[in-house]
Structures are given as C-alpha cells and as structure tokens.
C-alpha cells in the first residue's frame, strides 16, 4: 500500500484497543476507571472479578479497559484477562512505599507471562495528591522498570481522586500501543 492509501484507510478505521488495568489491592484502579468513565469520584469496594469500560479517546480510537481485582487471592486469575491485551496499565500507590516490593514482584510475574510478551506497559503512580507520595523516579527504580528492555514502558504520576493526569496517561498508553493513535 502506498502512504496515501494508508492515510486514506485510516480516515475510516475505528481502532479499539484492549487494555488491562492491574495492580495491588487499594492502589486505586477502580476509582481511576470510574473517574475516567464518568468524570466523577465514585465510592468503590474491593473488586472481586473485574470491571470493564470503554474509554473513547477521539472519534477513531477507543480503549476497552479491564480493571481486575488486585487482592492476593485474585492475582492468580490475572492471566485469564491477558488474551488479546495490547497494553498493560499497572497502578501503584505512590504514597505507600512499603508495598512497592510486593508491587515489583507482581509486575515482574505478570510481565513474564508469554501472553504479554512485548506488550507495552504504562505504570501509573497514583495518589500523587498526597503529601508523602514518592516521585516517579523513585518508583521507577523500585519497580526496576529500566530492566524491561523487551517492551515499551512509561511511568506517569496521577491522582484518580482529583482526576489529575488520567486522560493524558491513557493517550500516552494508546500512542505507545498503536500507530493509528494520534
């Protein structure tokens, strides 16, 4: 196909990308998804199973976001949500440095799964509105993100409660996932 033909085709193609939202319990995944979809903070309870929603980024691009429970008992089930996954959004509580080793271990285990080989990762350092939150550099180091040379990865600070950085994070997630996103 010529460049002009590809550009012409892209005018009419709607891209829907499947994204998995993972992280430890109480990181703020469900609050984050609810805030993205409704623009409001909703009271949430620990997720048993999953929540799913479609986020329209523009007229041609949407993300189907699967928010899966992060409790220790739920993590063995994460692999069942990985089929057709085009991006992983891994949420960490930036105000809880004591749980980062556990988050690092969970992330490493998830990324070692064959189904996620080469799948890009967006790490969201949630709860940046709290005064004791860690920097993205500290979190990146503790999660050992630079060691993931087999895939694209990004890290961004956000606040699900305040709505800060969420839209931009998912736009960035899309841009590292598919070339049709603008």
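Quick reminder: no glycine exception, Cβ is built from N, Cα and C everywhere.
The feature GTP binding site is assigned by TrEMBL to 23, 24, 25, 26, 27, 28, 29, 30, 70, 126, 127, 128, 129. Secondary structure from DSSP puts residue 29 (GTP binding site) in a helix. Taking the Cβ of residue 29 (GTP binding site) as centre and 10 Å as the limit, one finds 27 other Cβ atoms among all the protein chains shown.
Under the heading Mg(2+) binding site, TrEMBL lists 30, 47. Taking a C-beta cut-off of under 8 Å and a sequence gap of six or more, residue 47 (Mg(2+) binding site) has these contacts in its own chain: 29, 30, 67, 68, 69, 70, 74. Classification of residue 47 (Mg(2+) binding site) by DSSP places it in coil, neither helical nor stranded.
Neighbour density for residue 23 (GTP binding site): within 10 A of its CB lie 26 other CB atoms from the protein chains shown. The Cβ of residue 27 (GTP binding site) has 25 other Cβ atoms within 10 Å, all protein chains considered.
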